[in-house]
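In TrEMBL this protein carries:
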BINDING   A:CYS28, A:CYS213, A:HIS238, A:GLU242  Zn(2+) binding site
MOTIF     A:30-40  motif ''HIGH' region'
MOTIF     A:270-274  motif ''KMSKS' region'
BINDING   A:LYS273  ATP binding site
DOMAIN    A:358-421  domain 'Cysteinyl-tRNA synthetase class Ia DALR'
Amino acid sequence: MLQLYNTLTRKKEVFKPLKEDEVTIYACGPTVYNIPHIGNYRTFLMTDNLVRILKYLGYSVNLVMNITDIDDKTIRDSKKAGMSLKEFTEKYTEEFFCGLDMLNIKRASAYPRATENVDGMIELAQILMEKGLAYEKEGSVYYRISAFPDYGKLSKLNFNSIKMGASVDVDEYDKDNPRDFVLLKASTQEEIERGIYYESPWGKIRPGWHTECSVMSMNHFGPSLDIHTGGVDLIFPHHENEIAQSEGATDKPFVRYWIHGEHLIVDSEKMSKSKGNVFTLPKLVDKYGGEVVRFMFMSVHYRKKLDFSDSFARHAQNSYFKLRETLENLKFAIKSADDNEYPSDQEVIDLPDNLEDDFRNALEDDMNIPKAIAVYHELSRVSNQYLEAGRNKDVLEKLLSLYRKFADTLGLFAQEGEEVPEKIMELVKIREQARNERDWETADALRDKIVQAGFVVQDTCEGPNVKRQKC
RNA sequence: GGCCGGGUGGCAGAGCGGUUAUGCAACCGACUGCAGAUCGGUGUAGGUGAGUUCGACUCUCACCCCGGCCUCCA
């Protein structure tokens, strides 16, 4: 039974999808105005893990993630770059997808763009206007939060305590209430000159940020969906506003489970340009490898802050290598497996089932991946223990099959099965000969050569185990 | 001020009212031509003060400390 922590109730709840067998998820995606930093990717990875876990538990999943390709920053920075908005955002959309691949994140079923959904946003504004939940002022359309009694239910912020009239008047000429947010923003002269505008009943506009998510999720899933994900900083105001827009328009519950990922910080500090500690993914992936970064991110529960540092990364890397090494060892051993019986067969044969129970229980407990990884390490140890003495084919296959299942569920060890080149195998063969002749000098020289070619050779009683070098 | 988190061994990070988390690092041992991989073992914990209990890291209360959100932000 999967339990998820729902921000709406601030409790772990048993997860039950609307439709028996298909889970609908909407994930807040990137604003494509620069290369996403590693914190962004931590959140995207959280959603990927959620999808993988749901699939592991037997659900089919329909994930939609938006691409925000029009907002203040994209407009501002495209100009700075001397590019059209479209050119500019396409470039960074590509960057975004590259990053997903580096982390082995599965593609969503759709990535709707804000600019492709402006009609829907205008329609939504009209509906809200008709219902008295929105108003026009100076060519912009605003949401009237005072007309939506549930406003604040997600963020638990209390807006009644704001004294109307006292602290409110800063931009009164602009909005009725400073907390009111913009649905459609009147185009500026500059935007019009650059062709970045849309015609609406209220004149030339461009969409406000919050509006796109309501429209796109309802386009794909109708008024209600199962899960909506994003980073904690989106709880307010973004997701609060989505609720106001969607539920205000449809009078139906919008999202059933709100899942929010905690932030990644660096050396105990928030990432910020002024501190110069903003890391981008390609940089990290170069240094540690994509799967290591993925593994590192997964080694902290999604609702806890992840304090990134070099030593943290190195520890994660070692831990990752250990798991990968065991997989290699299993694969190697299975080549020489037999049908003989070994003393520990009976003892080992049932362990995988128990470990899988532990693994599933961990994941079902609000996606406790750190715990699941601990179970994975147990499987690793059990496997290695068996390899010390046993070679029974059935036992080894059972261990290996569970090992791969864990790997797939966690999105690890995806690029398996790289064949060792013929040339390297030649060297290994010659080295074996030298070793048989106890010619250690030649053997060691050959080993150095193999290492220089990027491979490692480990001598075992079943013969040499050749593998690609770590990282 | 309001709302929410959190404080576990050298580091990272889990579960649990009483029995080893797990990994990394360290140390010892085994295996090995050497190496690698691996196995076995060892040590180091639970912010502070009370309370509940036969027994609390785990429950209750108070306090201290740290962080986040309340403005754009994954």
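Cβ coordinates are placed from backbone N, Cα and C, and glycine is handled just like the others.
Same-chain neighbours of the motif ''HIGH' region' (A:30-40): 67-69, 71, 73-74, 77-78, 88-93, 95-96, 99, 231, 263-264, 271, 278-282, 284, 293, 308, counting only residues six or more beyond its ends whose CB sits under 8 Å from a CB of the stretch. In this structure the C-alpha atoms belonging to A:GLU242 (Zn(2+) binding site) and A:LYS273 (ATP binding site) are separated by 29 Å.
A count of other CB atoms within 10 A of each Cβ picks out A:CYS213 as the most crowded of the binding-site residues A:CYS28, A:CYS213.
Ranking the binding-site residues A:HIS238, A:LYS273 by how many other Cβ atoms lie within 10 angstroms of each Cβ puts A:LYS273 at the bottom. Tertiary proximity for the motif ''KMSKS' region' (A:270-274) is limited to same-chain residues at least six positions away from its ends with a CB under 8 Å from its CB atoms, namely 37, 39, 263-264. Secondary structure of the motif ''HIGH' region' (A:30-40) per DSSP (helix as H, G, I; strand as E, B; remaining residues coil): 3 helix, 2 strand, 6 coil.
Per DSSP, the secondary structure of the motif ''KMSKS' region' (A:270-274) breaks down as 2 helix, 0 strand, 3 coil.
Spacing of A:HIS238 (Zn(2+) binding site) relative to A:LYS273 (ATP binding site) is 23 Å (Cα to Cα, whole number). Here the CA atom of the residue listed as 'ATP binding site' lies 27 Å from the CA atom of A:CYS213 (Zn(2+) binding site). Here the Cα atom of A:LYS273 (ATP binding site) is found 23 Å from that of A:CYS28 (Zn(2+) binding site). Predicted-model confidence for the domain 'Cysteinyl-tRNA synthetase class Ia DALR' (A:358-421) is 93, expressed as mean pLDDT. Following the DSSP three-state reduction, the secondary structure of A:CYS28 (Zn(2+) binding site) is coil. Sequence-ordered, the extra residues of this chain that approach the Zn(2+) site, with Cβ no more than 8 Å from the Cβ center of A:CYS28, A:CYS213, A:HIS238, A:GLU242, are A:TRP209, A:HIS210, A:GLU212, A:SER214, A:HIS228, A:GLY230, A:LEU234, A:HIS239, A:ASN241. Across the domain 'Cysteinyl-tRNA synthetase class Ia DALR' (A:358-421), DSSP assigns 46 helix, 2 strand, 16 coil.
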